[in-house]
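Take a look at the structure set out below.
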Amino acid sequence: MPPAMSSAGSAATYVAPRSPQGAPSSSSASSGAFPSSRHTLKSFRITSSGTIGRAPDNTLVLDDPLISKHHARIDVSANGMVVTDLGSTNGIYVAGQRVSQVQVTQPVLLGLGSTFIALSPDGLCEVQVVGGAGGELVGKDLTFRVNNGSLTLLDGISFSLPGNELLAVVGPSGAGKSTLLKALTGEQKAQEGQVLFNGLDVYEHYPVMRNKIGVVPQSDVIHSALTVRKTLEYAAELRFAKDVAKAERRQRIAEVLEDLDLTAHVDKRIKKLSGGQRKRVSTAIELLTRPSLLFLDEPTSGLDPQLDRDVMDLLASLAHGTRPGDSGRTVVVVTHNENHIDRADKVLILAAGGKPVYYGSPREVLPYFRQRLNEIASQGRLLLNTPKGTLPDPPAVDGYADVYALIRNHTAELRQYMESTVPSTRRGGAPATATAPAAQEKPPKQQSVLRQVSTLVRRQLRIVAADPSYLAFMLLLPIIMGLLTKAIEGSDGFAVPSYPDPAPPTPDNPTPTIVKYSSQAMQLLVILITGAAFSGMSATIRDLIGERDVFLREKAVGLRSGAYLFSKAVILALITTVQTALMTGIALALNKGPTDAVILNGWPGLELAFCCWAVAFVAGLLGLAVSAMVSSSEQVMPVLVVTIMAQLVLSGGIIPISGRAVFEQLAWFMPSRWGYAMAASTLEMLAIMPNRDDALWKHETAQWLTNYGLLSAIGLVCMVACYIALARRGRR
């Protein structure tokens, strides 16, 4: 049975509206346990069990793409009320912790998707949303220091931004604008102070709050090879609940495209769009989940004045909700361009060191600082490059350059005046908190790994297919390496040579022997193994650093580092399979094949191809690890060159490695050493080259498997190192 609602007096199914407008319902009841500044959609008293979800057959229906069709169940019994997660995608959160079940023994605030449900032990239920109309953003004494506290980036910033308004944060370089943005979004928590949105602490309730926060970084977090449509489709798959149908996702995408005037460009590739249009696409991705709080970092950077104006007009429209059916949202933009700052409702000006010196209307900025300039001058403290001992008339404050000059020389006075005249934002009680259950299992992550891997693999395949130059390079490289094997002279190829019987003994030579060996197979293997290592590593070494901004933003909204890494490994496996098939196929077509195999009896050529693939795959994993660790794309090429040269020299095919101090130990860490040993074991290299004594080349199953195991161990270490590097990126 559905819960009985006190306002109706009988059991009923309640459907929460998608975009609340106006004041809370007159039927709302207040328990006094929760912040009154949040928007209450409905209050009622639960008297019987029911379910919560997006599907229409639930007792409480919530139209939120982050909520599963059947998200949770409320069980009411004589022992009290229990809320249980029904295996939802995005889970249930209490006090910032994901829980599978909660016993309501005290007032508790549950986070589901982007909705909060306040429950009391007496059965009072308040369905609330964060944001929409009236989504107030408050910063309280935000402070952030680095270098053991010796350098202050944010210095006690406080402000209160009403809902449906656009705030522009400006200031000279080094004023901490981007640091403030990270603190407000929860990406990098302030060491002191609070960020409240509609009365809720963003840091405490971050797992739920992040679903209502959209962040558009300065760099475009989109893949240039994809079309606008595909970009939004993959973003929706990663962010929405797993049971949101494709038709629902497409409908939401169409709404966002229309809101941002992108419908006409839906089938264009991102790289064909203008700078302003790309910024709109980045914004569209964030709007998919209907965020109530939108942050943008330097969205007009690099744009001409007209595009700058268009972007600011768009942000004002998004904040005010000027389009039909759009209730608006709270928008914060960090910008260095003051040309069209009058589009904002409020301006926060920061001085060096993150010190706030102005907060108010953009139209009052120049009059305000003119007045401050006159006051400072009248006190004889003006420091605008005036000759010592003289005090001319105060210079005019005609623009932001003059404002910044005044701020640079008189930060302390300006901040003191601001603190003495601007009303304090420290009002109201602390936000309500709830105690999470004492015992709970380790909370599951957002979405399943396989679902995220599937989306990422399909996206990456489309990106690769859309880049002809990359495809050509990936295909031509193994073909060229395969053709180069023909440059090695000889007719034995990869096979064990057939030597003639010794000549009959003579008095001068009673024990005739034939000492002969063929170096052709060793040289061929050097080409194949080095080519495989180069192919694999070159395919991945730029991969992660090239899309780091995309990864960090997707990670902030729920992408798992393991899923991201596994998807890259899947793509690498596919690419290296094609490459090694081409390379070894051509090499075997141009040269005599191996005599016998160690593992794949009767298929020595296939076993040789597998050895090359294993080297290429592990070298690719090494490339991923390097790409995850470097800080810029410029650092990868020197690493690639040095690593490939080391693998060439230390493979064992150029110079003897076995038994040589230092060289042998260094070779342990090279994929080519163990891959070359695998292939040499397959080819019976000790029979081909009897003058070489390398124990790793024995044509024995145990030795071949040992070589393969150690090569796999290098790959595993690379995977772990890459995962750790990815997990550390963007950690709050």
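Glycine residues also receive a Cβ, built from the backbone N, Cα and C atoms like all the rest.
Computed from a predicted structure; not experimentally measured.
Among the features that TrEMBL reports, region 'Disordered' is placed at 1-36 (among others).
For 50-99, the entry in TrEMBL reads domain 'FHA'. Confidence over the domain 'FHA' (50-99), given as mean pLDDT on the 0 to 100 scale, stands at 87.
The domain 'ABC transporter' annotation in TrEMBL covers 137-378.
According to TrEMBL, the feature region 'Disordered' maps to 421-446 (among others).
For 426-439, the entry in TrEMBL reads compositional bias 'Low complexity'.
Under the heading transmembrane segment, TrEMBL lists 470-488 (among others).
Among residues of the same chain six or more beyond the transmembrane segment (524-545), those with a C-beta under 8 A of the stretch's C-beta atoms are 474, 477-478, 481-482, 484-485, 488, 493-494, 551, 568, 572, 575-576, 579-580, 583-584, 587, 591, 608, 611-613, 615-624, 626-628, 630-633, 636, 639-640, 643-644, 647-648, 651, 653-654, 671-672, 675-676, 679-680, 683, 685, 722, 726. Per TrEMBL, transmembrane segment is recorded for 524-545 (among others).
Summarising the annotation, TrEMBL assigns transmembrane segment to 565-590 (among others).
Residues of the same chain lying 6 or more positions beyond the ends of the transmembrane segment (610-630) and with a Cβ under 8 Å from any Cβ of it are 528-529, 531-546, 565, 568-569, 572-573, 575-577, 579-580, 583-584, 600, 636, 639-640, 643, 647, 671-672, 675-676, 678-679, 682, 708, 711-712, 714-715, 718-719, 721-722, 725-726, 729. What TrEMBL lists as transmembrane segment is 610-630 (among others).
Per TrEMBL, the feature transmembrane segment maps to 636-655 (among others).
Taking Cβ pairs closer than 8 Å, the transmembrane segment (667-688) reaches residues 492, 494-497, 517-518, 521-522, 525-526, 528-530, 532-533, 594-598, 604, 607-608, 611-612, 614-615, 618-619, 622, 646-648, 650-653, 657, 694, 696-700, 703-704, 707-708, 710-711, 714-715 in its own chain, all 6 or more past its ends. Residues annotated as transmembrane segment in TrEMBL: 667-688 (among others).
Among the features that TrEMBL reports, transmembrane segment is placed at 708-726 (among others).
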**Request:** May I ask which of the stretches 470-488, 636-655, 708-726 has the most CB pairs under 8 A with the transmembrane segment (565-590)?
**Result:** 470-488
**Request:** Take the transmembrane segment (708-726) and find every residue of the same chain, 6 or more past its ends, with a Cβ under 8 Å from one of its Cβ atoms.
**Result:** 544, 551, 561-562, 564-565, 569, 614-615, 617-618, 621-622, 624-625, 628-629, 668-669, 671, 674-675, 678
